[in-house]
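Notes follow once the structure below has been shown.
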Ligand code: QAP
Ligand code: CO
């Protein structure tokens, strides 16, 4: 297992559109395990492969209180089950320290493959529905700040760039 480096906004690699996964093998399961370790250590509740500079359609999530419900989504697709939007204060491991309200469909049906390459379907609401939509956005090169006003997004970008200059 290994802790992976997480790309931070506005790194242009976060804008990469991830490619579908055609074989679920041990090498992929190694990446999945590393992503869980990275997410739990952060700590976070969701991580997309894009964030660790792996441009494949893979997401890991655990929204449980006690980190006991790891969920793997390979080639995930989400379809809204309602027109109704819910508002949630989102954060992101790639945008550390910033949280803003985002509106998304409240209920979605997700189709994906599990870590054995077996297809499954899941109807979600609440935090899990927010999280899976947020993570699928990453696979399409999209970030939660894209839903904010250009002014808010630019302020966050400038603050993070400044922090990153001090770190490097
Ligand atoms: C996405 O985000 C998410 O700023 C997952 O300093 C977030 O795990 C989906 C984190 C909210 C739905 C609702 C963020 C950790 C973790 C930070 C995360 C930070 C440390 C974010
Ligand atoms: Co994120």
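Backbone N, Cα and C define each Cβ position, glycine as well.
Annotation source TrEMBL lists Fe cation binding site at 92, 134, 138. Residue 92 (Fe cation binding site) falls outside any helix or strand according to DSSP and counts as coil.
If you look up TrEMBL, you'll see 135 marked as active site. Under DSSP, residue 135 (active site) is assigned to a helix (H, G or I) in the three-state scheme. Counting every protein chain shown, the number of other Cβ atoms lying within 10 Å of the Cβ of residue 135 (active site) is 24.
Residue 92 (Fe cation binding site) and residue 135 (active site) are 9 Å apart (CA-CA, integer value).
Neighbour density for residue 134 (Fe cation binding site): within 10 A of its CB lie 23 other CB atoms from the protein chains shown. Remark: residue 92 (Fe cation binding site) has 9, 98, 134, 143, 144 as non-local neighbours, by Cβ distance under 8 Å and separation of at least 6 in sequence.
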